Amino acid sequence: MENTKTVVIGVTGGIAAYKALDVISRLRKENVCVHVIMTKSALEFVNPISFQTLSQNMVIHDMFEEPRAWEIQHIALAKKADLLLVVPTTANIIGKVANGIADDMLTTTIMATVAPVIFAPAMNVNMYNNKIVQDNIKKLEDYGYDFIYPTSGRLACGDIGQGKLAGAEEIVEIIMSKLYPIKDMLGTRVLVTAGPTIAPIDPVRFITNRSTGKMGYAIAREAIDRGAIVTLISGPCHEKVPFGAKVIRINTNEEMRAAVINNYEDTDIVISAAAVADYKPKCYSSSKIKKSENELNIEFVRDNDILKELGLSKKKQILVGFAAESNDLLQNAKAKLLKKNLDYIVANDISKADVGFGADDNKVIILSKDNSPIALDKMGKKQVARELFSLINKKR
Ligand code: CTP
């Protein structure tokens, strides 16, 4: 791989500032040229000498002072950058950029660059969930800025929740894939199902499950990044639609089935990441069920097994299923692989709270008909998607 790319790293003032060192060290191992800009408050947390030593370049932290050179620094770096990464990203810097404030070296460089800018936030969970911060993130995403979302866990302040800087390994993976995009799926037609389905009981009530759609949306995003033509059939969820995907929104199992069958023939790869309800109420009440003194019993009947149906009528398509299991993971996943005539099944253990349903990370084992299972480490869902497609594409 020819590695002559330049990444400008902005370090802002958060407790996770020291973690930027690991990111830089990993990028240098990949032979990426790194320039570091520190904000004034970042200097309160870490010493620029460490960044200077690892990046092997002068660290810039003041617009009007060192290092003195004939070039206008923020313009020079803005031009030199193939990518700009802000790690860690504070609520403050998000707010500044979202509102067009450019009052120091980092913000002026961000403003002056035409290279992709990626923010990797890390902050207290309440701060991260603050409506102003979330609105600013949304605004920046709409402008085309990228985010590597923080993960959940125990935060520096002792709180537990989303706000932990994504792992250095994941951040570097994402940066490398932006610098050297893999386009091994140009023209490949991929159909992804994501999120939950709902089964209505009456006009105001339904049953559903805890799927948030994160895994399916990450898969759709990865397929688009690799050049695929993606149709995303999605149950109700709040994930941001990947730019370039054709999205078909559905609610029920029946609606998902219809959308999937309609698109099946032309599809090369189907990834069924949706948590499809297996049962629905036997009778739908068209008027609201009123309470009475008696118990309420709702009878459920089996609904379509969409993926099984696809397996039965499979021609050229590669079929990938997901198996969320709370016990006998490998055994149950293997049985589903065979029963549904799949090429791959991605098995995950849902008994762990920090991975799987609703989490940003996943820890999966990929099974296929012919090869031994591949167990992946715990990683971000986008990275799981990347590993999955790398495996599928190697074999097709
Ligand atoms: N699936 C589907 N239609 C269903 C149920 C599941 O297409 N009615 C798909 C899912 O998208 C997933 C795979 O089949 O890719 C496995 O789903 P899962 O619910 O784990 O398997 P089931 O066969 O339904 O088995 P069980 O619920 O008993 O674990």
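Cβ atoms here come from the backbone N, Cα and C positions, even for glycine.
Marked as region 'Phosphopantothenoylcysteine decarboxylase' by TrEMBL: 1-189. Mean pLDDT across the region 'Phosphopantothenoylcysteine decarboxylase' (1-189) comes to 92 in this model.
Marked as domain 'Flavoprotein' by TrEMBL: 5-177.
A 10 Å cutoff on Cβ-Cβ distances gives Cys157 (active site, proton donor) a total of 13 other Cβ atoms nearby, all chains included. The feature active site, proton donor is assigned by TrEMBL to Cys157.
Residues or ranges marked as domain 'DNA/pantothenate metabolism flavoprotein C-terminal' in TrEMBL: 186-393.
Annotated region 'Phosphopantothenate--cysteine ligase' per TrEMBL: 190-396, in sequence order.
According to TrEMBL, the feature CTP binding site maps to Asp278, Lys288, Phe322, Lys336, Lys340. In this structure, Lys288 (CTP binding site) belongs to neither helix nor strand by DSSP; it is coil. Cβ contacts within 10 Å of Lys288 (CTP binding site), excluding its own Cβ and spanning all protein chains shown: 10.
Only Phe322, in sequence order, out of the recorded positions Cys157, Lys288, Phe322 have a CB under 6 Å from ligand 1. The Cβ of Lys340 (CTP binding site) has Asp305, Leu307, Lys308, Leu310, Gly311, Leu319, Gly321 as same-chain neighbours under 8 Å, each 6 or more residues away in sequence. Under DSSP, Phe322 (CTP binding site) is assigned to a strand (E or B) in the three-state scheme. Taking Cβ-Cβ distances under 8 Å and a sequence gap of 6 or more within the same chain, the neighbours of Asp278 (CTP binding site) are Arg302, Asp303, Asp305. Within its own chain, Phe322 (CTP binding site) has Met215, Ser272, Ala273, Ile345, Val346, Ala347, Asn348 as residues 6 or more apart in sequence whose C-beta sits under 8 angstroms from its own. Here the CA atom of Lys288 (CTP binding site) lies 47 Å from the CA atom of Cys157 (active site, proton donor).
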